[in-house]
Amino acid sequence: METKTTESPISDADHLKKNGNEIHVFHICTNASVPEAEPKNATAEQQMLTPTKVYGRRWLMLLIFALVSMMNAFQWIQFSIITSLLSKYYGVDSQTVNWTSLVYMVVYVPLIFPGAWVMDKMGLRVTLLIGSFGTAAGAWIKVLSVAPDRFYVALIGQTMAAISQVFILSVPPNIAATWFGSNQVSSACSIGVFGNQLGVALGFLLPPILVKDGTIDTIGNGLSLMFYIVAGVCTALLIAVIVGFQAKPPLPPSVARYSNPSSTESTNYSQSIKRILLNRDYVILLVTYGINVGVFYAMSTLLNQTVLQHFPGQEESAGQIGLTIVVCGMAGSVLGGIILDRTHKFKETTLAVYGLAVVGMVAYTFSFNVELIAVTFVTAGAVGFFMTGYLPVGFEFAAELTYPEPEGTSSGLLNASAQIFGVVFTVLGGWLLPYYGDLVCNGTLTFALLIGAIMTVFIRPKLRRQKAVNGFQ
């Protein structure tokens with residue numbers, strides 16, 4: 001039984017503690033609580049009596065999305081982490097195998113605006129349906145690629161999954177703002193990103209276990225097993241999205257969402273993009289986020305080749321190092337979300353995480369000179385904790401800087417920047433690694449991270465969404 005109250009002005013957090021999740025909350029605002037301008041999307045009557053509700057099923061929506069994101073991210077790295085085996089099976093060089101990762105970055109850039117438009121105009125359900133369908137379709141296409149002369153089929157399937165990524169990667173801040181109250185939105189966003197990171201972690205771990213070195217037939221049997229498992233799981237998740245995923249709750253979860261009820265109500269998409277790109281602080285974040293995530297993409301794509309230069313025959317160890325990077329990053333993501341929810345220190349958190357990522361990358365770069373793989377595991381974990389942990393922090397900082405613009409648009413542009421830098425750094429690293437070695441390759445990536453950390457200092461922390469939550473314009 002749902003309960004309603006209009007007794008006194010209380011916070012979402014207080015009401016949640018008293019009455020649980022399935023509640024109606026009515027926020028009563030006085031003129032004293034709103035000193036100047038009222039939210040543009042709210043009438044005077046709405047400002048006096050704002051109905052909000054936090055639904056228990058929000059966790060189911062987040063879980064379904066996180067699992068879809070997990071399987072899409074798994075397919076991104078499943079080839080690169082066994083580059084040496086694919087080169088042997090398909091008879092292609094490592095640079096060609098790198099394109100199974102690069103295609104995820106290349107297709108994202110031209111499709112970011114159509115993808116953000118779908119999110120903006122059609123909502124979360126349609127967006128996730130497209131993403132989950134494409135992820136499953138790409139997986140089934142790769143089932144047909146198990147033959148030494150069918151690398152092109154594998155690349156077609158990989159391209160389909162890459163296109164689907166456009167409809168998945170920008171969802172976390174949107175689903176968090178649509179379903180979660182203001183005291184949980186950063187944590188929910190970090191959990192949404194957590195799904196993507198879990199997929200990358202499994203993409204590092206499982207392919208070297210499922211696909212063993214040996215004869216062509218042995219490698220082919222391993223690839224076939226992996227492809228069928230992935231296709232089956234993706235199909236089950238597509239059914240889950242069709243049956244169980246909802247676009248939005250009947251009532252918004254917070255006053256900020258009530259003032260900016262849904263990105264689908266945006267009347268001029270191009271004007272929204274223009275306003276975002278004219279935001280000085282967001283543009284700086286756009287570049288620094290792209291550098292950070294682009295370095296992670298390059299580092300992940302080249303991990304197998306880097307490890308095998310120093311530890312020949314250690315494909316499984318390369319996968320385990322990748323797993324270490326991402327698992328530590330998951331911990332960093334969750335911790336970052338909790339810190340943001342409790343402190344709202346967005347710039348300080350962003351700068352601290354970025355600076356420590358630089359330190360970790362320096363340690364990782366020189367760890368290969370020690371020639372002890374255990375040291376590489378430790379430094380890789382440190383890099384992952386801060387570099388991968390930066391992802392949800394960047395998303396949430398962008399949402400704060402650009403409020404009330406749609407979260408899908410601001411996060412989509414961040415991801416486009418990451419893909420562009422990812423292509424540049426991966427191609428550059430792929431050229432530097434065989435000719436100049438991993439020290440020069442990773443050193444170049446470290447220098448790029450340092451530039452990003454310095455640029456972050458100049459971002460002004462104008463937290464517009466927090467002001468809306470607190471009753472200010």
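For all residues, glycine too, the Cβ spot is worked out from N, Cα and C.
The transmembrane segment annotation in TrEMBL covers 59-79 (among others).
Residues annotated as domain 'Major facilitator superfamily (MFS) profile' in TrEMBL: 61-464.
According to TrEMBL, the feature transmembrane segment maps to 99-119 (among others).
According to TrEMBL, the feature transmembrane segment maps to 126-145 (among others).
The annotation transmembrane segment is assigned in TrEMBL to 151-173 (among others).
Taken from TrEMBL, the feature transmembrane segment covers 185-205 (among others).
Here TrEMBL flags 225-245 (among others) as transmembrane segment.
Per TrEMBL, the feature transmembrane segment maps to 282-300 (among others).
The transmembrane segment annotation in TrEMBL covers 320-339 (among others). With a threshold of 8 Å between CB atoms, the same-chain residues lying at least 6 positions outside the transmembrane segment (320-339) that come near it are 77, 81, 186-191, 193-194, 197-198, 200-201, 203-205, 299-300, 303, 307, 345, 349, 353, 373, 376-377, 380-393, 396.
TrEMBL lists 351-367 (among others) with the feature transmembrane segment.
As annotated by TrEMBL, transmembrane segment applies to 373-393 (among others). Residues 172, 186, 189-190, 192-193, 196-197, 289, 292-293, 295-296, 299, 307, 310-311, 314, 317, 320-322, 324-333, 335-337, 340, 346, 349-350, 353-354, 356-357, 359-361, 363-364, 367, 449 of the same chain lie 6+ residues outside the transmembrane segment (373-393) yet bring a C-beta within less than 8 angstroms of a C-beta in it.
Residues or ranges marked as transmembrane segment by TrEMBL: 413-433 (among others). With a threshold of 8 Å between CB atoms, the same-chain residues lying at least 6 positions outside the transmembrane segment (413-433) that come near it are 94-95, 98, 101-102, 104-106, 108-109, 112, 116, 169-170, 273, 276-277, 285-287, 289-299, 301-302, 305-306, 309, 394-395, 398, 440-441, 444-445, 448.
If you look at the transmembrane segment (439-459), the same-chain residues 6 or more away from its ends with a CB under 8 A from one of its CBs are 281, 284-285, 287-288, 291-292, 294-295, 298-299, 302, 306, 347, 350-351, 354-355, 357-358, 361-362, 364-366, 368-369, 387, 397, 401, 421, 425, 428-429, 432-433. The feature transmembrane segment is assigned by TrEMBL to 439-459 (among others).
Over the domain 'Major facilitator superfamily (MFS) profile' (61-464), the average per-residue pLDDT in this prediction is 88.
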